[in-house]
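Enquirer: OK, TrEMBL features for this one:
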TRANSMEM  A:7-25  transmembrane segment
TRANSMEM  A:45-76  transmembrane segment
TRANSMEM  A:88-112  transmembrane segment
TRANSMEM  A:118-140  transmembrane segment
TRANSMEM  A:161-180  transmembrane segment
TRANSMEM  A:211-233  transmembrane segment
TRANSMEM  A:245-271  transmembrane segment
TRANSMEM  A:291-311  transmembrane segment
Amino acid sequence: MLKRQHMPIFVTIALFAFMFIAGSFRYTGFFSAQVLLNLFIDNAFLLIVAIGMTFVIISGGIDLSVGSVIALTTMISSTLLQDGWSPVFVIPLVLLLGLLFGGAMGAIIHYFKIQPFIVTLAGMFLARGLCYVISTNTITINHAFYTAVAQTKVTLPGGNFVSISVLIALLVFAAAFYMAHYTRFGRNTYALGGNEQSSVLMGLPVARTKIGVYMFSGFCSALAGVVFTFYMLSGYGLHAIGMELDAIAAVVIGGTLLTGGFGYLAGTLFGVLIQGVIQTIISFEGTLSSWWTRIVIGLLLFFFILLQKLFSSRGPLQRNIALDGKKD
Amino acid sequence: MEERRPILQMRHIHKQFPGVKALSDVQFRLFPGEVHALMGENGAGKSTLIKVLTGVYSIDRGEVELEQKRIVIQGPQDAQAAGISTVYQEVNLCPNLSVAENIFIGREPMRFGRIQWKKLNAAAAKLLEERMHLKIDVTQPLHVYPIAIQQLVAIARALNISAKVLILDEPTSSLDRGEVRQLFDVMNKLKSEGLAILFVTHFLNQVYEISDRITILRGGEFVGEYAASALPRIELVSKMIGKELKLLEELPKQPAAAEKKESGILMEAKSLGKRGAIEPFDLSIRQGEIVGLAGLLGSGRTEAARLLFGADAPDQGSLVIGRGGSAQTPRRAIDNGIAFCSEDRKGEGIIDDLTIRENIVLALQASQGWFRSISRKRQTEIAGQFIEALNINPPNPDQLIKNLSGGNQQKVLLARWLLTDPKLLILDEPTRGIDIGAKAEIQKLVMSLSQKGVSVLFISSELEEVLRVSDRIVVLRDRRKVKELQGDEMSEQSVMKAIAGGGEG
């Protein structure tokens, strides 16, 4: 059953399919399962942050701190590993830190009623700044566990392979999907984005949901940071600059409304894949600057925002307008 | 009747806001299996009383008993848990979620930490069908359904939280006739099942149609509790207003419509239309004339008004104001002497955090340009004049407007536009959600304006009101102008016929 509200996501999927097929016709060697899998391998961390971001945006908020939290995670991980800590402690620690960082921002947003934009902007500067307190240089990671994870290829039937990071990302995706559609937390997130005032009056746990959403995003950022260390094998304060914007772009291209209340994780997945496929096409082209990725993504964003506008102005996606003033 | 014990009893309720005594020594009783109307003018304390019951406000003094047990309500969740559920005029649900979800969110059937969607949808469908006689696809998002259905869904949600007391706060304000009927059927059914319903409305007809008993508040005080059958309408009104006044009946019927025919045409629209909003219509308004715009909700009344004011751009037709003036944008319309009071007071009219004075001078200041400021003294003077002329309460120009009741907010809005000396005043539902006293005052004001040569386009859902004030009535149906009535043709019968579509195609 094709419902109206599913339209944007179908546009996203169709666009991805179109791009992949177009690339396959233009470049030899493009049309292969491995190219498709590489999209996942190269964007596993982006997928993880974008999943957290999807929840935040569905709840009607935004989280600008995610890129910085990734960088901070790589810094803390690499420093502690250098000091001889075991990954068994390092990884849970950074995940916990991400959770707490997100939770703190969520608490400030909720209890002081401050716009998420400004709170997470502060969080972004704070996390990025903390990186340089640790070190201004790149710290390489040569712990056996990390290099092993980085080099492990999980072979799939047919001889293709993915990395462990991809498995982590897909696991997060499955968990998030379940959370969004089959748990109260997920549904409360949608309700919150639909109408916060109503959510309060309906007796939903608004505080818990809102803080939980930012905690989840913080956790996802930290996890993406861990995956990023597997990918880069280093910690550096300049890692993942602007990644928050890539994540937001992926979510929006995936059909999630920036105003909250509408959106699907599957859309986000394809939003990430579209960004990946653009990069792949550009690298196959060979002569184009990688900045073309940004240009194409910029154009796509315009297109999708206009598309959303079209859908929301045609249908009554807008909030019910309060028809009357105060009464007594 | 005497032996029954009230399910809800409120005694000696006091509530004070900074500078205002909202409730003093108010009492209220609610019996199971009755519909009890809470009546009062704007500012009488109805909303405050309801907010006390729903836990939005706490009380200063007094006691609330539910089923003979004293309770203290500390928040909306508390009230719901105690069995007091409220459905507001503005439906407080999430439009993006499905109907079923809106009913059950927060209490979804779970199994192993997993929401049982099939069970949830089936339960919702059953609940709506059995208790509301409503057969709809519960998996559709709520926003695809009209307000009336959304309200029934809200009631279904309330009932599902095992409500003992259901509060309906102005549920009928934005419903059309058929929808009100549907709501009343549901209310009657629930009543017969033993639910206690507290009903707030401004429509007197509805009060008498559905209520068993009536409690009247005035100025934050308890006036009395009466059986609906024992309280004649006129007495109810006088008790609400507190004066032995037959206000509405005494309003003079608009005189000298013929005279106005002589006056010049102020505005003329020729086949003005906008696709999807309103089909092309002709309309001319003479100087000093009051033209009523009648039609059901959604018939295109507001859309027509917005075209005339330039708030929406027409895609065909022409509009001339005075001698060659136009209204392509609201700014241009204002320059040409048109003023528009929107029906969405909260969203498009008043600015909550400004004072009465600041809200009044807003339009004047804008028309003067921001660099020629109006002195504080002059502002207070102006505000004082209008507060007196329009009887705005409280008569304090420095009161924040958000603390005013709906009727008084409406008067402030009117004052704002009157200050700019408009030639044509477009009033979109100026009396919606306000009480009879204020209604009568606004109607009177409209008539006196017209005598001073101001033209008025008067939009209202209340036929009676339109008939009373208008010189001429334009009837809209299904986004089309279907009839224009004047003089002796204007009667409740003829207008209703036109609205219903009995007349011409």
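Glycine residues also receive a Cβ, built from the backbone N, Cα and C atoms like all the rest.
Note that TrEMBL annotation is computational and uncurated.
So that I understand the layout, could you describe where these features sit and how close they are to other parts?
Expert: Within the chain, the transmembrane segment (A:7-25) has long-range Cβ neighbours (under 8 A, six or more residues past its boundaries) at 31, 36, 253-255, 264, 266-267, 270-271, 273-274, 277-278, 280-281, 284, 300, 304, 307-308, 311.
Away from its own ends, the transmembrane segment (A:45-76) comes close to residues 90, 93-94, 97-98, 101-102, 105, 109, 116-117, 120-121, 123-128, 130-131, 134-135, 139, 165, 168-169, 172-173, 176, 180, 189-190, 192-193, 196, 209-210, 213-214, 216-229, 231-232, 234-248, 250-252, 254, 256-263, 265, 267-269, 271-272, 275-276 of its chain (Cβ-Cβ under 8 Å, at least six residues beyond either end).
If one looks beyond the transmembrane segment (A:118-140) by at least 6 residues along the same chain, the residues whose Cβ comes under 8 Å of a Cβ in the stretch are 62-65, 67-69, 71-72, 75-76, 78-79, 82, 101, 105, 108-109, 214, 233-237, 244.
Long-range contacts of the transmembrane segment (A:161-180) within the same chain, counting only residues at least 6 positions beyond its ends with a Cβ under 8 Å from a Cβ of the stretch, are 34, 37, 40-41, 44-45, 47-48, 51, 54-55, 58, 149-150, 152-155, 186, 189-190, 220, 223, 227, 230-231, 264-266, 269.
Sequence-distant neighbours of the transmembrane segment (A:211-233) (same chain, 6+ residues past either end, Cβ-Cβ under 8 Å): 44-46, 48-49, 51-53, 55-56, 59, 61, 63, 65-66, 69-74, 77-78, 91, 94-95, 97-103, 105-107, 109-110, 116, 120, 140-142, 146-147, 149-150, 163-165, 168-169, 172, 185, 189, 192, 239-240.
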